[in-house]
Amino acid sequence: MAAVGSPLIFAVGILGNILSFLVILAPVPTFYRVYKRKSTESFQSVPYAMALLSAMLWLYYALLTKDLLLLTINTVGCVVETAYLAIYLAYAPKQAKAFTAKLVCIMNVALYGAMVCVLQLLVRDGESRVTIAGGIGSAFALAVFVAPLAIIRQVIRTKSVEFLPFWLSFFLTISAVVWFFYGLLMKDFFVATPNVLGLLFGLAQMALHLVYKNPKKKGDVSEVQLPDDDEKNQLPLHHQQQQQAGTTGHVVAPPIIDDGEQVVNGSEDDVGGNKQQSVSVMDIVLPPPEEHPTLPPLDHPAPLPPMRMAVEVV
């Protein structure tokens, strides 16, 4: 490996620390939102559990190689990622909380502890220990880059990058470039190799932001289009009568004659032997249109126009 004391390597390492620190802080708005709303909504805990394990592995690798720049940033990473998972566990629903707790216990405690014990107790050669730890760290570094892509399906389905933070994708991409050059200058290919794919995955995430950068916000309601005049003419007759009814009107009461030829709603006169009926017209107060009773449908009602519904866009 090249000497860390080289000014160029040290400068690139400092820049990598700064960018990685920004990557670590990128989810802060997400977890502030979780804290304010007291809900994790559709956010997933897998990327943060993977990031914590990666930081733990690189911390162990930095202790073996005595790389101060790797040591500092991964110590910060372990602390911050642990805080993220604590917030997630505090506000996650019961099922997600149980899944996250199992994931952390199995992956971050059991597997990591077993790896450290095996390397420390069974691998006597220091160089072999560094090689194994570096290989495992590289593998999990790739998992960290891939983890945010687990929600690509959700992004494409909802056509929204709400749950794929832009700044996290951006700083992951830039950080991958810097750490690639750091590993190249240090001749540490365990550091350089995973950042090649990290750059590709970061570019893929940025492409998603370009495609779905202007999604509809949750709660937006699509415009409801009212039927035009032609469509109104196709409405059933009893619907048109309800729309056109006023608060008052004239009602013609037909005569009602019982068995004894007694006129109820009118008078009956004999004119030339013919019976004539006079019909009374009464003014009555009709209920408001919305309270009108529904008239029986016609035998052959006109077809209804296609229904347009207000759909809440998620």
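Each residue, glycine too, has its Cβ placed from N, Cα and C.
Features as listed in TrEMBL:
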type	residues	note
TRANSMEM	6-25	transmembrane segment
TRANSMEM	46-63	transmembrane segment
TRANSMEM	69-91	transmembrane segment
TRANSMEM	103-123	transmembrane segment
TRANSMEM	129-152	transmembrane segment
TRANSMEM	164-185	transmembrane segment
TRANSMEM	191-212	transmembrane segment
Stretch of maximal Cβ-Cβ contact with the transmembrane segment (69-91) [cut-off: under 8 Å; candidates 6-25, 46-63, 103-123, 164-185, 191-212]: 46-63
Sequence-remote partners of the transmembrane segment (103-123) [C-beta within less than 8 Å, at least six residues beyond its ends]: 45-46, 49-50, 52-53, 56-57, 60, 85, 129, 132-133, 136
Cβ-Cβ under 8 Å with the transmembrane segment (46-63): same-chain residues at least 6 beyond its ends: 24, 27, 70-71, 74-75, 77-78, 81-82, 84-85, 88, 100, 103-104, 107-108, 111-112, 115-116, 130, 133-134, 136-137, 140-141, 143-144, 147-148, 150, 190
